[in-house]
Amino acid sequence: MINVFFIGTGGGAPSVRGLPAYLVRKEGINVLLDCGEGTQITMIRHGINIMSIKVIAITHLHADHVLGLPPLIQTLSMYGRKEKLYILGDVKKLLEESFEDTHFSPTFEINYVNSYQDTSIKITPFPTCHVIKSQGYIIEEKERINVDAERLKKEGITDWKILRSLKEGKEVEYEGKKLIPEDYVIKKKGLKIAYTGDTAICERVISAVSSSDLLLHDSTFTMDINASDYGHSTASDAAEVAINSGVKRLGLIHISGRYKSAEPLLEEAMKKFPKSFVPNDLSYIILH
Ligand SMILES: [Zn+2]
Ligand SMILES: [Zn+2]
């Protein structure tokens, strides 16, 4: 199970929607995708624990995606954080200069990495097509391995050590019979979430996000604007990507402040890809 919290679903300048920030939560591991201005304020005001963020992945250095990061790190230090923070994206110079200029040094170690993985998730970047260097992220749940407890019970095997060995992929001798893991193990493919950050419609995004359970794609404008000229996408472009990459659901994000209502964007996307939605700030989605 993965939860995605939509903290800021706008883009460019703040509007009724906040600037880009998305929190992906998987079994106590919290990953923040982008950190626009105001992100920490929104999170703190709405009881979302900023201390629990383990990984922050920034797509690019445009202000609307990154200027919430230096103050967030300063607050984590004021709260006395000791735990290491992993940061993906090209932000080392920005952070170090901002720390120096504001006479601040973090109370915890920052580990600048290109990708991240632990026992339950993996985060990898992919290049997008924007007006400056920018990358999206794929968050994948590791394959889940469960033992077919029903079958073992039917066969009278209840010893947890046998269950554990089979789960670890080891063959087990039981009452003269050889138990083979493949016969008792049920593998379930992990969930895949793709976040583009800012991008025009392009092939490399389509191939990177293929078969995602959830795609969060740039949908800054409606079709009457030539979004590609600005390195952005229309809702219709996002739907096109969703179709061509075979994703299950499409979330339209980075909505321009010019749209007081998201209806025109949603209508445009739904014509091509019915499983589209426009998340509002402070909403969330649970994926199983
Ligand atoms: Zn942006
Ligand atoms: Zn941008």
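Residue positions begin at 1 at the first shown residue.
Positions of Cβ are set from backbone N, Cα and C atoms, glycine also.
TrEMBL names His60, His62, His130 as Zn(2+) 1 ligands; from the candidate set Asp159, Asp183, Asp198, the record adds Asp198 to that same site. In the record from TrEMBL, residues Asp64, His65, Asp198 bind Zn(2+) 2; the candidate from His254, His288 listed for the same site is His254.
Cα separation, His130 (Zn(2+) 1 binding site) to Asp64 (active site, proton acceptor), rounded: 14 Å. By the rule that a residue counts when its Cβ sits under 6 Å from some atom of ligand 1, the recorded positions His60, His62, Asp64, His130, Asp198 yield His62, Asp64, Asp198. Of the chain residues outside the Zn(2+) 2 site list Asp64, His65, Asp198, His254, Gly11, Gly12, Leu19, Pro20, Asp34, Gly36, Thr59, His60, His62, Gly197, Asp218 have their Cβ within 8 Å of the site's Cβ mean position. Same-chain neighbours of the Zn(2+) 1 site beyond His60, His62, His130, Asp198, judged by a C-beta within 8 angstroms of the site's C-beta center, are, in sequence order, Thr59, Leu61, His65, Thr128, Val131, Ile132, Ser134, Gly197, Thr199, Gly231.
With a CB cut-off of under 6 A applied against ligand 2, the recorded positions His62, Asp64, Asp198, His254 are reduced to His62, Asp198.
In this structure the alpha carbons, written CA, of His254 (Zn(2+) 2 binding site) and Asp64 (active site, proton acceptor) are 10 Å apart.
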